[in-house]
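Participant: Below is one structure. I have some questions about it.
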């Protein structure tokens, strides 16, 4: 202990020291008090005039990440008991069952630091070197490399390094350019897919933070979050069930078991990441995220396995076409190789000076080997010419470009094949709510008895009290108010939000008061088959129990035996009264209103069906009392009528499949243009149960005539898709619910909704419509047709080049013993075709003309009669001109053999440049229409011409060319430009629709 003296200096020191001790003691006491407060996540200090909410952020938790990871993975009740049960886990994670976590940035950061982020570790992506190795792993390129190395070795040996490297080195550089361009293209496409995948996985989930329900990115989910789950959601992380009703999940993607698992707070509260909610709703607390979840561990074990790249049907067809052409090219090359070797060894070939090359035993071994390398290179050149290696690359570029542009047009492609298949669609089966309509519900009419009431003051008081409980307790929506004067924030489905908004405003519903006055005993959740939901509630004051039902008006009405009149008197519902209500519902439906009815009944224990353990199994759903009917308006989306009309003009049939009643469905269908006066009778409008009860033969007869299917179940939608596919239609289906998944999978193209769509629906679909708008569906249809047409343009372009080049080289090789186009030159032409040509033709945007043609369907050949008509004259013209230059070029222009070969090479390339314009339009004569809008096409043409000038004028040794004068350049340009009038003339020739050989056979 310190000692003190009595002098003034010591007194001052003692005073300061004592003051420091007091401060230290105060700090220690404060820290102890704060640590006790920290065990309570929320402390509210009240004052007559203010409410102060003290939020304590606790950065230390009672459980480690390892403890929580094994909790759900093992599904061990004993482990959960050792943790104190669900309540103990909540306390240990500093989470409140109603208010959730604190939600401040510091709190979220602390949880993320302690338990990790909700993101899986990405497997290492393929680097550029890997793509380079894949690009060079091509038999033809390897063959060329071998020729280049041999040519380089003999060239250096014969002429020295300064002069001898040109032939072999040029081929090596050309191969390097082809490999580099292919690798860069595939590398960029891979990165684009990664970005799209990341965006698709970034979904939003509803959580409670700070007592407020809000949507957060699944990547921002942390341990301790209270998450809302509803039918169709995918469980975003491992967790424990807190509360809810009828919650069932499908864990087949994790465990392989197909049976649905009942989730409850007694024996099975464990929720695994990746499971899908198939029924009911509830809340869960997150216990593990990211790699610590069961799903994360499983995906981590698969990360190193890799998977083969997805090939679309069109890519597979093109690979078949490429394989067939390759066989022809190899056969021709073998014949040419034999012919050239016979010519050489029989002394019929001459060198550059005109001397005979082979003199029997007088010819040295080096000269023979060198000549054999040249002959072999000529044969390889023919193979290079023949094989259309650019076709797969063209498809890749087209699909990658289209996917990027479709993303900007509110459509995210999940499967490559959907891009091209959508262009062949003949029928679109669309749902109504949110796709054809705005999905912005509002209550516009309220019926009690047989009267429509405008204000809440007109509603009898006893009915108001029952409606308040029926609305406030029988709902999956929530209402949050930051303070008593703030505007309420309503969350839930559009229907729930509309009804809650109406109840708050017109009925004066106080959600907190209603929930505190009653106890929920049992809930029967809404689903698409029952089309209604019910609750059993107990009054905390009187202990009396009521059931409240809410759902489709005609279904609830059928379960009612009584109703209230406008005076609030309960009366029996006779046949006339029931007919009057049916007329009211029909009239509201014809005004495009969705009708929701509320009903109630006082019950006793005898009216309740109990199951094991005294739990309620079923509540009374007959002999109810009708409280009232609300009419909800959901206006059609702007532009949807024009979009439907565009589909009709394109030969695509639009069918509406909805759960609404037949009158509402018919009214919306007329408003959208799906129905018109000629569909006023017959089976154009049908109910799902009627279609379901038809025989297969009857369904096949009427399915084409059906335009609207009302009150349909998921099975009805699936049956319609199956019937349409059996009739040969290519079917696209839109859907947003869990029960739409079978139809989405069965369809040729499944389109899910990005806003209202459930995770199950999105997983089952091929394309996600990000704005839930039918107009975007039509945009996808346009892009699908554009993809197919662009690929056909490139096929026509490349086949023209292949036919002409192969014919020229074969004829020249057999007749004169040499090929006019060297391997380097042919590699350059291939580079123009494969990359620049594909990029130019693959990036044409959709035009209105595409929607004026009938759909392609399933049986249309890839190479059509129109394409044959366009490419054959162009190929014949190029063959005639270039063979003329080959045999008469020297005398026509008065030039030597090297300049003649340069003229042939230059004219050949310029023919392809000008023919690229012709390929822009398969049928239209004006090939320049809209060209100013495609700046990329103009830029590529310009780059090609500039590079060709560089090849001819400046890279003479590399390309084996000679400089040309202005007259010779003008002649080459003139030869190329002739392809324009030829293209215009051939498009004046009518062509048969059927296959060419079929047409010849019939004629």
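Every residue number used here counts from 1 along the chain in the order it is shown.
For all residues, glycine too, the Cβ spot is worked out from N, Cα and C.
Unlike curated entries, TrEMBL annotations are predicted automatically.
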Participant: Among 88-107, 108-127, 168-187, 188-207, find the range that TrEMBL records as transmembrane segment.
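Facilitator: Going through 88-107, 108-127, 168-187, 188-207 one by one, TrEMBL flags 168-187 as transmembrane segment.
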Participant: May I ask for the residues of the chain that lie six or more residues beyond the transmembrane segment (966-986) and have a Cβ under 8 Å from a Cβ within it?
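Facilitator: Contacts of the transmembrane segment (966-986) (Cβ under 8 Å, skipping residues fewer than 6 from its ends): 869-870, 873-874, 877-878, 881, 893, 895, 899, 903, 906-907, 910-911, 913-915, 917-918, 925, 927.
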Participant: With DSSP helix as H/G/I and strand as E/B, how many residues of the domain 'P-type ATPase A' (204-301) fall in helix, strand and coil?
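Facilitator: Taking each residue of the domain 'P-type ATPase A' (204-301) in turn, the totals are 18 helix, 48 strand, 32 coil.
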Participant: Pop the mean pLDDT for the domain 'Cation-transporting P-type ATPase C-terminal' (819-988) in here, whole number is fine.
Facilitator: 88
